[in-house]
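Per Swiss-Prot, the features are as follows:
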{"type": "BINDING", "residues": "N10, K12", "note": "substrate binding site"}
{"type": "ACT_SITE", "residues": "H95", "note": "active site, electrophile"}
{"type": "ACT_SITE", "residues": "E165", "note": "active site, proton acceptor"}
Amino acid sequence: MARTFFVGGNFKLNGTKKSIKEIVDRLNTASLPENVEVVICPPATYLDYTVSLVSKKQVTVGGQNTYTKASGAYTGENSVDQLKDVGAKWVILGHSERRTYFHEDDKIVAEKTKFALDQGLGVILCIGETLEEKKAGVTLKVVERQLDAVIAEVKDWTNVVIAYEPVWAIGTGLAATAEDAQDIHHSIRSYLAEKLGKDTAEKTRILYGGSANGANAGTFKDKADVDGFLVGGASLKPEFVDIINSRN
């Protein structure tokens, strides 16, 4: 089945009002495919501002994190309601940097995912293995474990987009080949079919998220199970438009 091409831009802890305006202006004026969904995720302090700038119909805004409570004494956290209140439609959850630096385990990621979905946000769910896990040959075991935690909590995957991000490729300049990514994505889709049914598996978009850039994005275009990209550093640069247009 045809799944809508999806490109997420994770700005991480980068950007100023000036640089974010430049990024959004580029997207607003660029010639983008009609059948693409683009989600840009600036730091939380700039969410409201970013939403106010976007005019391109293919582009929406998402958060980089949220919490499992609607409100309360949780200093420094962002709530789903607050993200929605400023116009965010999506949130990235389970990113390897959250798992590594902030010790978010599979259970926490699953709880956050369920809460965000229940409150009406779409979720870009990140999964992936470290270099050590890759060398040990346990990539599939790792991503299946990460998926199992969410499958236990979430039954309706309509608003979930999976981002496979090999941790060894993030921000390193290394990238899985398109063939390698296709193999892993196909295995992920097969696992979803086993656990959630073929229909859900066929409808769920699976993105590649390891150092995707303007130079390599085109090599993925004919890979049946690669439905787009979650882009890090390149989302801050003009080549982000090239990635969005890489299916043309």
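Every residue gets a Cβ built from N, Cα and C, even glycine.
The local packing around N10 (substrate binding site), expressed as other Cβ atoms within 10 Å of its Cβ over all shown chains, amounts to 26. Across the fold, the C-alpha of E165 (active site, proton acceptor) and the C-alpha of K12 (substrate binding site) stand 15 Å from each other.
The DSSP secondary structure for the residue listed as 'active site, proton acceptor' is coil.
Put simply, K12 (substrate binding site) is 10 Å from H95 (active site, electrophile) when counted between their Cα atoms. Of all the recorded positions given, namely K12, H95, the one with the smallest number of surrounding CB atoms inside 10 A is K12. Of all Cβ atoms in the protein chains displayed, 26 besides its own lie within 10 Å of the Cβ of E165 (active site, proton acceptor).
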